[in-house]
C-alpha cells in the first residue's frame, strides 16, 4: 500500500498511552474533563492531549514528515472525580519541545487554546500544571522576590500593610494624593491604585503619579519609614505602559503595578524585565481572574494563573482573603499561596495541588489579601498568611469614622498587636477577638474602628471547593 491511510480515527489510538512514563522535562497537566454523553473518558482525555498538541480531526499527509512520537501530547492517566457524575481528571504530558522558551503566552496558547471549545467535551478545566525545572530556567520570574523586597523596604518580621484608595474612580489627582499621604502618614507601608485607575479624563496618569510621589516623600520624611504607592502602569498599548513605568522610575517611585490578565502575559513579562533592570518592585492585580477560574467544571484554576504569574514576573499578587468579601476557601487558598512563596511544594490533593513543583531558583511572590477585610479580621489574616504577605484594607482604612489617617493607625495597631501576641505564643485563632479588644483600650483609633465593623460579615459558601 502506497501513501498514507486517510480518514478519521479515534484519538485514543494515538494519544491515550497509559503505559507512558513521564519525563522530568515534560510539562504535566491535570484537566477536569466532562465528556459529552456517549464519549468514553479515555477518548475524551486523548482528545484533550491531541487538540492541545499535534493532533487535528483527521489524519493528514504531512504527519509523515515529522516524528509524532517525539512531539505529541499524551494522556497517561484518567481517574473519576469522586462525588461527581461523568467527570474525570485526565493527566496529560507535553514534550518540552512544543513550547517556546520564556513565553507564558505560548504555553497557554497550546495548553488552554482551541481545545476548550472542543465539541466532544461538555466542559474542561485545567486544575494544575507541573512546570519542569528545564522550562522554569528559561524565565526571569519575579523582578525581585520576597527577600529583596524586605531589604529594600527595611521591614521584617511582620506582614506588610496596604490600602486601595477609594472611591476608586472620580477623585482628582490632588485629592487622590492627599488620601495617599494620610494613609501612609498614619502607618501603612503601601497605598494602591485601584485596578481600573489608568488614565481617565478626571485624573490623567501623569498628574496622579506626581501627586502620589509627593505624598510618598512627605510621609517618608515624617515617619522615618520607607513608603510606597502602587502606581498602575496598565495602559492600552505596551509602549504606553512602558512610558508610565519609566516615568515612575524617574520620580524615584519604589513600586509600579500591572493588571496582568487584562494587560496580557506578553506585556506583563516585558514590564517585569524592565522592573528588574531598574530596581522597581512590581505589584500584580488579577482583575478578570474570576471569569476564568470561578466555575468549578470549566476554565482554569487560579493556582495555574498564579504559577503563570510567577514565571512571567511579579513581586505581589492578589490571592484572596479566606475571610473577606471575595471567593477563596482556606485549604485551596493556602495551597496556591505556598506555590507563590515557596521554593519546593509537595503534591497534596487535599489542598488541590496535583503535582510536586520545584521552582529551582525563581524568587517568590508575596500574596496580597484584599477585599472586604477590616480590623476584626487581623488575627485570622496574620495566622492564615503569616509574615510573608501584604494585607490590604481599602474600605477598612478609608471607612474609619475619623478619616483616613486614623483608619491607617487602627490597622497598624491591630497588626502590631497580633504579631506581638503571636510571638508571645498566644493562639490567634482562639484569642483573636480578645487581642484586638486589649489593644483597642490604649488606641482610641482602633476602638472606633472596632465599633464600626463589629457586626460585618460576608458569609456565603465558597463556589470553588475541591
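Along the chain as shown, the residues are counted starting at 1.
Positions of Cβ are set from backbone N, Cα and C atoms, glycine also.
Annotation for residue 166 (active site, proton acceptor): spatial neighbours 194, 394, 395, 398, criterion Cβ-Cβ under 8 Å with sequence separation of six or more. The feature active site, proton acceptor is assigned by Swiss-Prot to 166 (among others), with sequence analysis given as support.
As annotated by Swiss-Prot, active site, proton acceptor applies to 285 (among others), with the evidence given as sequence analysis. For residue 285 (active site, proton acceptor), the same-chain residues lying six or more positions away in sequence with a CB closer than 8 A to its CB are 195, 232, 257, 258, 259, 260, 317, 318. In the three-state DSSP reading, residue 285 (active site, proton acceptor) counts as strand.
Annotation note: residue 114 (substrate binding site) sits in a helical segment as assigned by DSSP. Residues or ranges marked as substrate binding site in Swiss-Prot (evidence: sequence analysis): 114, 164, 168, 286, 318, 370.
Under DSSP, residue 192 (Mg(2+) binding site) is assigned to a strand (E or B) in the three-state scheme. For residue 192 (Mg(2+) binding site), the count of additional Cβ atoms within 10 Å of its Cβ stands at 28 [all protein chains shown]. Annotated Mg(2+) binding site per Swiss-Prot: 192, 194, 195, in sequence order.
Residues annotated as N6,N6,N6-trimethyllysine in Swiss-Prot: 5. According to DSSP, residue 5 (N6,N6,N6-trimethyllysine) sits in a coil region rather than a helix or strand.
The feature N6-carboxylysine is assigned by Swiss-Prot to 192.
Annotation source Swiss-Prot lists site 'Transition state stabilizer' at 325.
Cα to Cα, residue 5 (N6,N6,N6-trimethyllysine) and residue 114 (substrate binding site) are separated by 26 Å. Taking the C-alpha positions, the distance from residue 164 (substrate binding site) to residue 192 (Mg(2+) binding site) comes to 5 Å. Between the CA atoms of residue 370 (substrate binding site) and residue 192 (Mg(2+) binding site) there is a gap of 11 Å. Between the farthest pair of Cα atoms in the substrate binding residues (114, 164, 168, 286, 318, 370), the distance is 37 Å. In three-state terms derived from DSSP, residue 166 (active site, proton acceptor) belongs to neither a helical nor a strand segment and is classed as coil.
Each residue in 164, 165, 168, 193, 196, 197, 230, 232, 257, 285 lies on the same chain as 192, 194, 195 and has a C-beta within 8 Å of the C-beta centroid of that Mg(2+) site, without being one of the site residues.
Taking Cβ-Cβ distances under 8 Å and a sequence gap of 6 or more within the same chain, the neighbours of residue 286 (substrate binding site) are 259, 260, 261, 302, 305, 309, 317, 318. Remark: residue 114 (substrate binding site) has 51, 52 as non-local neighbours, by Cβ distance under 8 Å and separation of at least 6 in sequence.
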